[in-house]
Every structure is written in structure tokens, then in C-alpha cells.
């Protein structure tokens with residue numbers, strides 16, 4: 001007896017619960033498959049698959065977002081910027097080549113030799129200078145010249161090729177195309193041998209932050225150049241290759257981002273629900289129009 005009452009109570013409880021079902025089922029014998037409905041269903045599934053694969057590609061792909069702000073990003077650098085210079089002078093002996101550094105903080109260094117290397121070219125007739133040094137974060141210049149030579153040559157030839165000039169860390173990121181080595185490949189071999197060269201650089205601080213939050217600090221720069229013949233107070237021509245720089249107050253930041261999982265799931269749900277809704281409306285319109293047309297044709301026959 002108790003079991004019978006329990007069964008009735010359970011059945012009544014189940015019926016009460018089913019009243020909250022908003023997805024009511026229609027028996028199959030009350031539905032009618034149509035040719036147009038099948039075509040719309042197939043197109044609908046293909047469209048959903050296409051959009052799903054597109055969203056999946058965007059979800060697994062890392063996006064690089066850039067922003068601009070005014071600040072010094074690398075406050076732990078001690079007010080210094082690392083510089084890497086690689087330049088060839090095919091018609092100037094290595095003992096004559098030197099690097100001089102000056103800036104507005106009073107630094108004046110002639111013949112900088114730390115972390116630098118001179119490689120003879122053309123059987124000793126030329127020289128390739130490779131150096132790594134630091135500059136202060138104030139306007140200044142560094143230049144390749146014969147100023148540090150013991151004896152000044154009569155006609156120093158300053159024709160050159162710049163292989164590399166970069167500031168800060170080297171960024172090799174596929175999605176970032178910046179002017180980190182804007183002077184790389186600059187060829188001045190056909191210029192006046194006695195001419196001085198002025199490269200005016202505007203250095204832009206750049207930060208790259210990966211997905212883990214690790215930041216790397218580098219610098220992009222724009223460049224303008226001019227060529228002229230300079231004379232000393234004695235009337236001699238003393239050419240040099242000048243790199244005059246100034247820093248931009250604006251910092252460019254690149255940040256790696258990936259689409260959140262919740263946004264991907266929301267988008268997929270919207271695609272599936274929206275596509276089926278639109279397809280259902282389209283199928284209903286076509287079916288209604290088809291039935292109306294049939295009734296019109298039957299009316300004409302009678």
C-alpha cells in the first residue's frame with residue numbers, strides 16, 4: 001500500500017516538473033519533412049561549421065595589440081640605452097677608425113674601445129667596426145671618425161655600409177613589424193669620399209609583453225640624413241659619420257593577447273542559435289508560401 005502511494009506521489013511530482021519544460025517535443029508523426037527544408041538544413045550546418053572553424057582559428061591565434069602612452073618604460077635601466085653598431089668602411093684603415101660619444105650630460109668620450117672589435121677588410125685597406133656600448137637617455141650623438149687616431153690622414157675616405165644599428169633588446173616577433181634597424185643596409189659607397197654624413201635619429205621606446213607577462217624593452221627609430229663637406233679651423237677636411245639622436249616621450253607597447261574561453265563559447269552559442277533561428281524563419285516562410293501557392297492552384301482547378 002505504501003509502495004502504491006509512493007508511486008503515485010512520484011508520478012505526480014514528475015508531471016508537475018514537466019510543466020516547466022520550455023522545449024516541448026513534437027511527435028515525429030506530426031512533422032512533415034520537405035525538400036527545401038533538407039537543403040536549408042544542409043546549408044545551415046555547413047555555414048555553422050565554417051563560422052565555427054573561423055572562430056576556433058581566432059581563438060587559438062595570439063593577437064598582438066599595440067597602445068601608446070607617455071612614460072619611461074624601463075626605469076630599471078639606470079637611464080642608459082644599449083646600442084649595437086656594425087659598420088664597414090672599405091677604404092679606411094682600422095688604426096684610423098674610432099668611435100666618439102657625446103651628450104648633453106657632459107659626456108665626451110673619444111676613441112671608445114670597450115666591447116668593440118675592428119676587422120680588417122680588403123687586405124687591410126678597409127675596416128669593419130662592430131661595437132656595443134651604452135648611451136644616456138638625453139639628446140646626444142656618437143660618431144665614427146678619425147678623431148682618435150694618433151696621426152690624422154690627409155684624405156680619409158668615409159664611404160661606408162651600415163649593417164646594423166639597433167637600440168635595446170633585439171625583438172624578433174613575427175607579428176611586430178617596426179623600424180628596429182631602420183639603417184640596416186644603408187649604402188653610401190658611391191657618395192663623396194670626403195663628405196661627412198649626418199644621421200638624425202628620433203628614438204621611440206618600445207615595450208613587448210608576452211602572454212606570460214614578461215616584458216622586453218627595445219627602441220624603434222626614424223632617420224633623416226644629409227651629406228656635406230666639413231672643414232676644421234685649420235682648413236682641413238675632417239669627415240665623420242654622425243649619429244645624432246633624441247628620444248621621443250611617447251612609448252609604444254605591444255601586448256600578446258588570446259581570446260578568453262568564455263567569449264569563445266558565447267560566440268559559438270550565438271552562431272549556432274542565430275543560424276538555426278534564421279534558417280527556421282526562412283524555412284517557415286518558404287513552406288507557408290508553398291502551401292499558399294498549392295491552395296491557389298487547387299482553387300483554379302475547381
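Cβ atoms are placed via backbone N, Cα and C, with glycine included.
Please treat TrEMBL annotations as automatic predictions, because they have not gone through curation.
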Checklist entry - Can you check which of 14-33, 34-53 TrEMBL lists as transmembrane segment? => result 34-53
Item to check | Residues of the domain 'Endoplasmic reticulum vesicle transporter N-terminal' (17-109) by DSSP state, where helix covers H, G and I | outcome: 37 helix, 26 strand, 30 coil
